[in-house]
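Participant: Questions regarding the structure given below will be posed in turn.
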Amino acid sequence: MSFGSFDHICNKTALPLCSVVGAVNQSAFFQRGIVPDCYARSVELANTMIFQIGNAFVHFGGLIILLIIIFNVRAKYTAIGRKEMLFFLYLAIGLIVSSLIVDCGVSPPSSTSYAYFVAVQIGLSSALCICLLYNGFLCFQFWEDGTSRSMWILRVGCFAWFAVNFIVCIITFKHWDTALDYRKTTTLFIFAYVLNAVILAVYVVSQIILVVFALESYWSLGAILLGVFFFVAGQVLTYVFSDKICRGASHYVDGLFFGSACNVFTFMMIYKFWDMITSDDLEFSVANVEQPINEFGVGADDEKRSSMFF
C-alpha cells in the first residue's frame, strides 16, 4: 500500500469515491473504480435500485435530528456564535443530502454526474471541517460574533476550502490531461484526509484548552471527549472493520452504516458542547409565543397582574 493510494481502503470499504478512482495496479479488472470485497446489498423498489438502504435510514434520521438541533439553536437568541453554529448545521444538512445522493444511487456510479456529486460531497465535508474550526476559535472571543464581517469571513473561508477540494477531486476523477488522474490520488488524499484531519485535531485541542484554562467546566470536556470517541469509532468501523461487519451481517449493512451513525452522534456532541458553554445573555428568557395586546396597549398577563392591587 503506497501513500495516497485508495486501493487498500476501497478493497475493504465501499466509499463513493471508490467508483471514480482506479487501482494503482494497471492489470485491474476494471478500467476505473475499485470494487470492495464485500458491500451492502442493494434493494429494488418500484423498478428502482437503491444502494445502501440501511445507510439511507441513518441519513434520514440524521436529517431529522439536525432539524431539531437547528430549532434549539435558533431559540438561543443571544448565545455566542449562534449564527456561526447555524451555518455549520446547514452545511451538515448539505453533506447528508449529498451523501444520500451518492450512497443510495440517486446518481448512479455509471452516470457522468456521479463524479461531480462525489466531489461536492468531499468539498462539503472539507467546508464543514473549516467551519467547525472557525466556530472553535470564535469561542475565544478574539472578534465579535454574529456580525456581517464575521459571517462573510466564515462564508468565504468555507467556500474557498470547498472550491479547492472540489477542484482537486474533479481534476483527479476526470483526468483532464493534467498531472492528476484517477490512478494518481496522492494530492486528493492529502487534501481530503490529511489536511482535514489536521484541522479537526486543531479544533479539538483548542476546545480542550478553552475548557481547561478559561471555562473550568469539566462537564463540557466530557462532551468533547464523547464527540471525539464517536468520530474515531466511526472512522475505525468504516475503514478497518467494514469488511468484517459486512460478512457478519450477511451483506445487509457494512461499515458505512455504523460510520454514518457515529457521525450523527458526533454532530449531536458538537451541538451539546456548544450548548453547554454558551447561554442567553438576556435577563429573562425569550419566549416564542407572542402575547396578545389589547386596544389600550397592555398585554393580557400585565392586565391580570395589575388588577390584583388596583
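Backbone N, Cα and C define each Cβ position, glycine as well.
Keep in mind it's a predicted model, so treat the numbers as computed, not measured.
These came from Swiss-Prot, pasted as-is:
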{"type": "TRANSMEM", "residues": "50-70", "note": "transmembrane segment"}
{"type": "TRANSMEM", "residues": "86-106", "note": "transmembrane segment"}
{"type": "TRANSMEM", "residues": "114-134", "note": "transmembrane segment"}
{"type": "TRANSMEM", "residues": "151-171", "note": "transmembrane segment"}
{"type": "TRANSMEM", "residues": "194-214", "note": "transmembrane segment"}
{"type": "TRANSMEM", "residues": "221-241", "note": "transmembrane segment"}
{"type": "TRANSMEM", "residues": "257-277", "note": "transmembrane segment"}
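Thinking about packing and proximity, how do these listed features fit into the structure?
Facilitator: Residues 14, 40, 42-44, 86, 89-90, 92-93, 96-97, 99-100, 103-105, 252-253, 256-257, 260-261, 263-264, 267-268, 271 of the same chain lie 6+ residues outside the transmembrane segment (50-70) yet bring a C-beta within less than 8 angstroms of a C-beta in it.
Nonlocal intrachain contacts for the transmembrane segment (151-171), taken as residues 6+ away from its ends with a CB within less than 8 angstroms of a stretch CB, comprise 17, 83-84, 87, 91, 115-116, 118-120, 122-124, 126-127, 129-131, 134, 178, 180, 187-188, 191-192.
Within its own chain, the transmembrane segment (221-241) is flanked in space by residues 9, 12-13, 200, 204, 207-208, 211-212, 255-256, 258-263, 265-266, 269-270, 272-273, 276, which lie at least six positions past its ends and keep a Cβ under 8 Å from the stretch.
Here the transmembrane segment (257-277) has long-range neighbours at 40, 52, 54-55, 58-59, 61-62, 65-66, 69, 72-73, 76, 81, 85, 88-89, 92, 99, 132, 135, 139, 207, 210-211, 215, 217, 219-220, 223-224, 226-227, 230-231, 233-235, 237-238, 242, 245, meaning same-chain residues at least 6 beyond its ends whose C-beta is under 8 angstroms from one of its own.
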